[in-house]
Amino acid sequence: MKITQSYSPEDRWVDGSTCLETELCLPDNMIRTGTELESLQTGPVLIVPSQKATQETVDEKEALKYVEHKRQLSEPSYYPEAGSQKQQKQTTLAEVVSVSTTKGVFHQLLLTSAVLLLAAGCGMPIGYSAVLLPQLYDSNETLAIDIEMGSWIASVHSLATPIGSFASGPIMDRWGRRPAILLAIVPLFGGWVLLATASSHFLLLLGRVVAGISVGLTAAPAQILLAEIAEPRLRGLLIGAPFVSYSLGILLVYALGSQFHWREVAWGGTVLPLLSFVALFFAPESPVWLARNNQPDRAAKALTWLRGCPVQAKQELHQLTERFEQEQQQHNRRPQNFWCSLGELAIVKPLIIINAFHVLQILSGTYLVVFYAVDIISDMGGSDINSIQAAVLTAIVRLAFTFLYCFLLLMMPRRLMVTLSGLGSGLSCVAIAAFMYIRAGEPKTPLDTYVAATLILIYIGANTGFMTMPGIMIGELLPAKIRGQIAGYLFTIFNLLLFGVAKGFPYAKAALKTQGLFLMFGIASFAASLLLFLLLPETKGRSLHDIEDYFRQRN
């Protein structure tokens, strides 16, 4: 790896050992026909086996499959708005094989790892209240609190998160995905310092607010960056991976809180933001954003590093640039009004799917059961349970299943995975409601506690599949021209809905009882599965351009 003296971050990532254009980044027994000019004008040229090759390997077949698909994409008639009526009625998406060399895949994983550090750092403030409040309730603590102050310390983080989410869209559209993430890290570090040095309740609340704003600022740019740098084959895994780190951050803060004072835990919380800032400072910007903001040189360098092949980088940049120019020509080279663009089919349909799923996901109890796991288990099977042990156990289960679902995203179709997740979630909720109904009025026994805890953990494991889907849908379904701005607003709406439902949960539990709540969770889980099965196109292995074209059709 050679580090150049160019100003842009992409220049620092230029690899001096990338493959030669004359070989088109393919195996030695594959040669190409045609000229480089033809490949830039019409897409990849035909690749044929050399005479020395006696048998096609699997990699060679994949290469041929890919270039044939790219040749079809280069034809104007492929796109619905320019093709025949028969082509406009196309409602399926063609899968794209790998477009990166091994080195390119490694670079994508390297950039994702930098985001994962930040995701873990954002998970720590979520679980910090479970560490902070028990220690502050101790009367010997210098900043001892009562129940009222404790409720504010716990909830103010969720109130502040939508503020950051609302601001993240315009920031990442104006200055880029990477600068938006770097900017978001600053208040996260500052929030931990405020908590570690707090001398009053006001500073504790301020530290929670600042950290909450930072988490809101981070969510959308991180998801969008990963969606735009990943090749189709790896996109589900890379977008889903931050949820693993997020869960790991919650587990990490629980573990630290069980051993150290809350101030020491706060100082420990500054480590991950610092490491992620250094890693992302040297990372390349999203090629999509660069191409759409008249920076083709930086976009080419970023794509070359991410794909490991300069020819593939040129071809992908050519497609990005051509698509952007088509959008400008449609609007007479004037910026389209944000509100007017919301009326387009390619935007309306994803928004309906995403927002409907957000509502059903929250009503299915994805986050509510995590927030109130101890209270629910106590209501179901008895109060003889350690709250810290219960919190750690639920965090471990969620981490393990989030890790599992990330690999399922790499191997399974999206719709099948989320359908099975919803069915498992719904069935476990019905089982819990039936158990509660049968045991209503009966004396609680230790067996009840174990049965209740087991059913809750099964529910959390099945329902975790829902947690990964909003980030994936936002990264994949939204068109490039509005992806950054609308993503921030979607996260804002989601966080506001979550806060409102979480605050109203105790009242709903008092009215419906625990068995009634879980019956509602089960119905919402089944409804979410049905919604995505009927409306969500299979996006695994599909390019973002193809997905956007799919939603433009009247399917």
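Every residue, even glycine, has its Cβ placed from backbone N, Cα and C.
Quantities reported herein were computed from a predicted structural model and do not represent experimental measurements.
If you check TrEMBL, you get these features:
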DOMAIN    109-540  domain 'Major facilitator superfamily (MFS) profile'
TRANSMEM  109-131  transmembrane segment
TRANSMEM  151-168  transmembrane segment
TRANSMEM  180-199  transmembrane segment
TRANSMEM  205-226  transmembrane segment
TRANSMEM  238-259  transmembrane segment
TRANSMEM  265-283  transmembrane segment
TRANSMEM  351-374  transmembrane segment
TRANSMEM  386-410  transmembrane segment
TRANSMEM  417-438  transmembrane segment
TRANSMEM  450-474  transmembrane segment
TRANSMEM  486-505  transmembrane segment
TRANSMEM  517-536  transmembrane segment
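When each of the listed stretches 180-199, 238-259, 265-283, 450-474, 517-536 is scored by C-beta pairs under 8 angstroms to the transmembrane segment (109-131), 238-259 comes out highest. Segment contact holds for the transmembrane segment (205-226) and the transmembrane segment (151-168), given three or more CB pairs below 8 angstroms at sequence separation of 6 or more. Within its own chain, the transmembrane segment (417-438) is flanked in space by residues 364-365, 380, 405, 408-409, 451-452, 455-456, 458-459, 461-466, 469, 513-516, 518-519, 521-523, 525-526, 528-530, 532-533, 536, which lie at least six positions past its ends and keep a Cβ under 8 Å from the stretch. Beyond the transmembrane segment (238-259), the same-chain residues lying 6 or more positions past its ends with a Cβ under 8 Å from any Cβ of the stretch are 108-109, 112, 115-117, 119-128, 130-132, 135, 222-223, 226-227, 229-230, 265, 268-269, 272, 388, 391-392, 395-396, 398-399, 402-403, 405-406, 409, 467-468, 471-472, 475-476.
Predicted-model confidence for the domain 'Major facilitator superfamily (MFS) profile' (109-540) is 83, expressed as mean pLDDT.
Beyond the ends of the transmembrane segment (486-505), by six or more residues, the same chain brings 155, 158-159, 161-162, 165-172, 216, 219-220, 223-224, 347, 351, 354-355, 358-359, 362-363, 367-368, 371-372, 470, 474, 478 to within a C-beta distance below 8 angstroms of the stretch.
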